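Taken from TrEMBL as is:
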type: REGION; residues: 1-21; note: region 'Disordered'
type: DOMAIN; residues: 108-546; note: domain 'Major facilitator superfamily (MFS) profile'
type: TRANSMEM; residues: 177-195; note: transmembrane segment
type: TRANSMEM; residues: 201-222; note: transmembrane segment
type: TRANSMEM; residues: 242-260; note: transmembrane segment
type: TRANSMEM; residues: 357-379; note: transmembrane segment
type: TRANSMEM; residues: 423-447; note: transmembrane segment
type: TRANSMEM; residues: 453-474; note: transmembrane segment
type: TRANSMEM; residues: 495-515; note: transmembrane segment
type: TRANSMEM; residues: 521-540; note: transmembrane segment
Amino acid sequence: MTRRTEELKEEKRKGKGTEEERKISHYRLARLMFGLETPLLIIMKFAIHRSHLPKHKLLSSYPIMSDSKGNAVESGSVRHGQQAFEALPNNTHRNWWQDEGLRWLTFFQLTGYAGTINSGYDSSLMNGLLTIPFFNAAIDHASGTRLGLITAGYPLGSLLAFQLAAWVSDRFGRKRAIMYGAVITIIATLCQGLTRGPWALFGTRIILGIGTAFEIVAAPTIVAEITHPRTRAQSSALTQTCYYLGSIVAAWVTFGTLTLNSDWSWRIPILLQVVPPLFQLSLLWWCPESPRWLLRVGRRAEALDTLAKYHANGVIEDPLVQFELNEIEAAIALETSMTSQSSYKAFIQTKGNRHRMWILVSLGFVSQWVGMGVISYYFAAILRSIGIIDPTQQAGLNGGLQVWNWCLAISGALAVERLGRRPLWLISTGGLLCTFIVVTACSAVYANTESKAAGYVVVAFLFLFSGFFGIAYTPMGYSYPIEILPFGLRAKGHALSQTCVFIALFFNQFVNPIALDSIGWKYYIVFIVICALQFVNIYFTFPEVKGRTLEEIAEVFDGVSIVPPETEIAIDDVWVNEDKLAAEKM
């Protein structure tokens, strides 16, 4: 045994060394990303050092050897999740862009991303349309309750369809659910763009919301279930970041058509909403179905072919492919042995499922009630309240805010597997709390003194607030609920979470403008309280799931592994040196 091996064993025994260096590097990264001292860094350090759950009981003390990368590897031990993926031989290149199977798989993930782009496009579209004179004339200059109903038609339609979408996704497959959503969205968009009148718009927006519900339920789910385990966390987290891409495109499209002196100034932006669903339909024929759904309905050969084709470039005997297949089969068999495991009442039958349901419901509501809903929908009103009334300045700040949000959301998505879920959740929520306290205080100062300096501080901290929201709530708003759910409850649970989101959105669209008009900056105190409560909630109830497969995450909630021992992989049985593999191929 080498001296380095002895050092690694000693570091592991004392809990120091490499693990401590990793935590310190994360803390330094947080300092580099945000460049802020005092309360924010305290929260980040607290989150990173206190957020890691105990390791798997099988990964306790063990002899250590090294892999071809120089990483410590336990000899004769059992490996799960990310460790198994790193140890098992796999017929793919470590860089996805240099591997044919992974390149195609990444391309097909755009099917799921397009659904989120469409959702973001619509959210920004209404704000842009309301600045176009011809659109206001087309809806008879609707205001007040009528305008509120028109805007709320979209979330209302989604609320009506979420549970149906979950049933279709489980019964007919993820691809079929996406196809139905895309077709409904195209029909609703064409009707909306070729009619006029407030109630016609209201009706078509309800239909559009129904189509979007199918997209929201099935698209992120298929992304999580088809991706290679090595990139699943990042790929899933990137899904919701595409929301900002759609929002940015809609904002610029409506800005570009503003100068058209006809009804086409508003028809063109609406009709362009058919592009994402048309793109989805063009890919669905070739896009693979979820191998987990295929195994669930007894189509084992297709599932194996899918895993082999995209996770090992067609090598069916690939050790990683066989490991995935066995693990998924074992998990589904255990789930289906519980007669009610796939019904909604399963959410309250076990402690683990009640824990999951609490996360789904609390995250669904709180994600819209930490204050981001006020900023995203009423940013212009907030700017007016601090003295920024020039439309050009407002448009520029709003456009800059959307680009900033997108960049931070992508950064958070790429850091999910490196930093872990809990550190990102805690850093994000702690940052929201601190920045909103500053926003509230400076808004109060401006309201009493009309200090321009206070107004500028508000704008700066609104950007910081949005950035903190973007690093966790945007990338993990979809991915975290999906990955903590077992297969039998994944579509239903995601639909439940999104139902809570849209109820909160529906509430926001009526309450926020009334509250802002009535009590102004004092309304922000509500969000400060919610952020503080959410920080406590995350610390005590949001577990870390880093480095686990979708199937193995069940152990975090249920206490025992959902995967039977026969699917565990012993390192001595599968260890192959990369240099030896390369030599054999020559």
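Backbone N, Cα and C atoms are what each Cβ position is placed from, and that goes for glycine too.
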Here the stretch out of 201-222, 423-447, 521-540 with the most C-beta pairs under 8 Å to the transmembrane segment (177-195) is 201-222
Where, among 201-222, 242-260, 357-379, 495-515, 521-540, do we find the most CB pairs under 8 A to the transmembrane segment (453-474)?
-> 357-379
Per the Cβ under 8 Å criterion, with at least 6 residues separating them from its ends, the transmembrane segment (201-222) contacts 111-116, 118-119, 122, 138-139, 149-150, 153-162, 164-166, 168-169, 174-175, 177-178, 180-189, 191-192, 195, 236, 239-240, 277, 287, 289-290, 478-479, 482, 490-491, 494-495, 498
Let me know the model's mean pLDDT on the domain 'Major facilitator superfamily (MFS) profile' (108-546).
-> 87
